[in-house]
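Asks: Supplied in structure tokens, the structure appears directly below.
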Amino acid sequence: MEMVRIIPMASSIRPSLSSFRSCVSRFGVSLSSCNSSRRPSFLHLGSGICAGRIYCPGGFIYAFLICFYFSLTDSKCYAAVQQSQLFSVKASKLFRVEGSNMAVRAAGNMAQASTSITQEEALEWVKKDNRRMLHVVYRVGDLERTIKFYTECLGMKLLRKRDIPEERYTNAFLGYGPEDSHFVIELTYNYGVDKYDIGTGFGHFGIAVEDVAKTVDLIKAKGGKVTREPGPVKGGSTVIAFIEDPDGYKFELIERGPTPEPLCQVMLRVGDLDRSINFYEKIFTFEPCINFSIYTFLILFRHLEWSFYGNEITLSTSCIDYTIAMMGYGPEDKSVVLELTYNYGVTQYDKGNAYAQIAIGTDDVYKTAEVIKMSEGKLTREPGPLPGINTKIAACLDPDGWKTVFVDNIDFLKELELL
């Protein structure tokens, strides 16, 4: 696959939106004082500042409406919005609202009007399936070296190891809590392979820490590589940093208070965000991680960093270079999310051979496989026991070729009980 160029941004490091508690958006918005559950965590607005001025003798609501109109009629920004599909047909999946809540799109439009009862039952079952993101899998060239880095520098615990000699690989599971309740990392070492190509499609992992600067100092003391020094995100106040592990995988350190899920995000780049959102909503029953409505716009506008003199409000807007969707099974600040990033004009990426997949628990891998087929998803592994382990799994690819493995919930717990 041909390597493609990412559209240049104002900053060489694109901060994750999960850390974007304060930003200058196309509305000149500051989120620093917003409740985290209300902020639009699945949107990240890029660079390219355009200036504008608004006169608002009609009060707050009038100013908001003019601000919204201005944002759409400004020629430079409007061109960016058109290109981004941000306000595309179907009212855009990024802005779909029913009442005050985002609709749960478990079934979406998977079945046509003529769908058989068997299909309807399967789709109804998907809504009730007990799903959770279990772990992310990727390959490393030196298992012990990576374990040492993650435990000593990132504060993870080695939860277990398993060796499958007949398949010539070894796994190590690391994280911040038990596997039956936490999202963890599964490292894979293939016998005799000491190097992999990460490619351009994989982005980074996100880790929430209480003191980014202290964590970075520790990483430096251990000889780790820091690619972005601690500091606030561009236009905001949340402190972040970027580091690389010994194999070149990037980690974003996000300064955040105590959280039940420190390993909080996996970022992947996609070529069509609307298509990806539709896929993950239908097959995975993922949801955008927060409610998004006109009320949210009002909250954003209320927290606008503005200068007000008489009837004049001076605003700045930003032209958008990329958009992201944060998707998962719970609130972004309390659970792990999948961060899908769309860079405008880039439709495919070199995925390399290092990153492997995300694993998701399901009550029935066979029914899950049927739903994938009904939804025109690409099933790459028929449901059945995994060689050497006997845990039942099924695997599929998303529209960009990112792999997901569904794991039988009962088999997974039995696997843990055998330790």
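Keep in mind that glycine also has a Cβ here, set from the backbone N, Cα and C atoms.
All annotation found in TrEMBL is predicted automatically rather than curated by experts.
Pasting the feature list from TrEMBL:
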type	residues	note
ACT_SITE	GLU252	active site, proton donor/acceptor
BINDING	GLU186, HIS204, GLU252	Zn(2+) binding site
DOMAIN	132-256	domain 'VOC'
DOMAIN	262-409	domain 'VOC'
Asks: What Cα-Cα separation, expressed in whole Å, is found between GLU186 (Zn(2+) binding site) and GLU252 (active site, proton donor/acceptor)?
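Replies: One finds 18 Å between the Cα atoms of these residues.
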Asks: In the structure shown, which of the recorded positions GLU186, GLU252 has the fewest other Cβ atoms within 10 Å?
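Replies: Minimum Cβ neighbour count within 10 Å, taken over the recorded positions GLU186, GLU252, occurs at GLU186.
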Asks: I'm trying to understand the geometry here, so how far is the Cα atom of GLU252 (active site, proton donor/acceptor) from the Cα atom of HIS204 (Zn(2+) binding site), in Å to the nearest whole number?
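Replies: A Cα-Cα distance of 7 Å.
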